[in-house]
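Record features (TrEMBL):
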type: TRANSMEM; residues: 12-30; note: transmembrane segment
type: TRANSMEM; residues: 70-95; note: transmembrane segment
type: TRANSMEM; residues: 138-157; note: transmembrane segment
type: TRANSMEM; residues: 164-189; note: transmembrane segment
type: TRANSMEM; residues: 201-224; note: transmembrane segment
type: TRANSMEM; residues: 254-274; note: transmembrane segment
type: TRANSMEM; residues: 286-302; note: transmembrane segment
type: TRANSMEM; residues: 308-329; note: transmembrane segment
type: TRANSMEM; residues: 336-355; note: transmembrane segment
Amino acid sequence: MLRFFRINDPFRLIGILIILVILSGTYFWILDVPMLQPELIWMLAGERLADGNHMYKDVVDDTGPLSAGVYWIIHLIFGKSLTALRLLAALVILFQVTYINSLFIRYKSFEENTYIPAAIMVVLFHLSYDFLTLSPALMGSTFILLALGQLFSQTVLQKEGSDSVLLVGVFGGIAACFHFPLVVFLPFLVVSGVIVSGFTFNQFVLALVGYFLPIVLVGLYYFWIDALPDFIFEYFFATRILEVYQHISIEDTGLLFALPVALALIGYFVGLWFKLITVNQQKQRQLIFIFLLFAISSVFLTNRRTPYQWIILLPALTYFINQIFIYLTQKRVLQIFVILFFLGIPLVGYGWFIFQNSAGNFDSYAIVYQEKHQIARGKKILVLGDDIAYYKEASLGASYLNSKLSNRILKDFDDFADMAAVYQEFFTEKPDLIIDQEGVFAGLTDRVPLLNNLYQEEANGIYLLK
């Protein structure tokens with residue numbers, strides 16, 4: 001297998017595509033990975049925007065503005081389609097895999113120009129089932145990769161390249177507009193640009209201008225629609241202050257990443273001990289190492305504790321693991337690492353999913369659709385709580401998509417302006433059904449008695465429009 005990808009031939013990408021189809025198919029066709037809660041949230045946001053509403057102003061959630069725009073376009077074209085999300089994710093994955101491999105070849109990161117990095121990265125994408133969906137982290141990491149490519153060019157070109165410096169900033173700013181935790185790559189761009197790539201002061205300023213340009217343009221749009229405070233609070237601040245969604249524990253995620261991280265460490269030391277590298281390759285190694293440090297730090301800004309938040313680590317892991325297969329010459333040892341990686345990584349992912357599912361740990365992450373949820377089928381509803389499976393066959397009937405984020409308004413009983421806005425929201429939207437899992441709506445009816453004229457309680461925590 002390794003011999004096949006050692007050949008520098010673009011047709012090796014056909015093999016990459018076959019690996020992607022086989023490994024992904026195992027998750028979706030054999031293990032039957034269900035819809036995940038974040039996937040449903042993204043589809044609901046896209047549906048709401050497709051109805052003519054605006055993110056943050058009419059959809060209370062912290063999904064990135066550019067990510068929300070993508071989900072809006074997907075809904076316009078495909079409707080509420082989980083298959084579309086996953087197929088488009090496969091295209092993004094193929095692009096990332098192809099780009100990182102071409103990057104290493106173009107800038108001679110290794111002595112051999114091969115397609116082994118592409119094979120490594122496509123296998124790493126199957127470490128977890130949620131790497132294979134069109135998450136904001138996946139889309140944002142694509143632009144971080146593009147920024148990394150521009151930094152790589154600075155390690156080779158011994159001259160000022162204003163266009164590439166500007167693009168470093170622009171790509172970084174776009175990434176931050178897709179997925180907020182990627183904002184940590186601003187200091188990465190600064191540190192790596194100055195220390196590794198040798199930015200001048202003018203280049204440094206140009207990169208900063210490029211970085212803030214997409215963010216300012218997005219801010220101007222929300223200022224234009226009178227939603228700038230909502231955008232700033234919901235996207236930049238809210239879930240960094242409020243409680244996060246603990247879908248998968250840090251400990252479980254650490255166990256999942258134990259094998260690839262161990263292999264990356266081995267690859268790092270193999271590269272140090274077994275091979276002398278050029279000055280440009282040394283700069284690239286420094287870039288990747290700094291990249292890895294900032295990628296790890298980005299996870300601590302996430303609003304949901306899930307494996308896909310760690311997807312930004314894959315380019316760095318690919319770089320270091322590749323050194324094992326490029327620099328080791330002992331055939332028997334190399335065969336052991338080939339088996340350990342190319343079989344071990346997918347098996348770890350599959351086994352981890354099976355264990356999580358059988359142990360019941362998956363229920364807090366997946367959409368578990370039961371008979372009780374059928375009451376919402378075909379209706380416009382609002383769920384005030386964490387069990388959002390009611391939305392699977394229903395539509396969002398009000399702006400309060402993210403329940404934790406919405407509680408800042410819905411539970412602010414002492415603020416008359418907020419209570420008036422809440423009543424106006426329900427009076428205008430009139431969702432057919434309200435599922436009150438935390439007693440929030442019950443408190444609202446006590447504080448705003450006029451809501452009793454709109455809804456009646458049919459069962460405990462279930463309110464129907466009169």
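Placed from the backbone N, Cα and C atoms, the Cβ positions cover glycine too.
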Interface present between the transmembrane segment (138-157) and the transmembrane segment (308-329) (three or more C-beta pairs under 8 A): yes
Sequence-remote partners of the transmembrane segment (12-30) [C-beta within less than 8 Å, at least six residues beyond its ends]: 4-5, 86, 90, 93-94, 97-98, 115, 118-119, 122-123, 125-126, 129, 132, 346, 349-350, 353
Sequence-remote partners of the transmembrane segment (70-95) [C-beta within less than 8 Å, at least six residues beyond its ends]: 16-17, 20, 24, 28, 35, 39, 42-43, 45-47, 49-50, 63, 122, 125, 131-135, 138-139, 142
Beyond the flanks of the transmembrane segment (164-189) by at least 6 residues, Cβ under 8 Å: 62, 64-67, 135-137, 139-144, 146-147, 150-151, 153-154, 157, 199, 203, 206-215, 218, 235-236, 240, 290-291, 294, 297-303, 309, 312
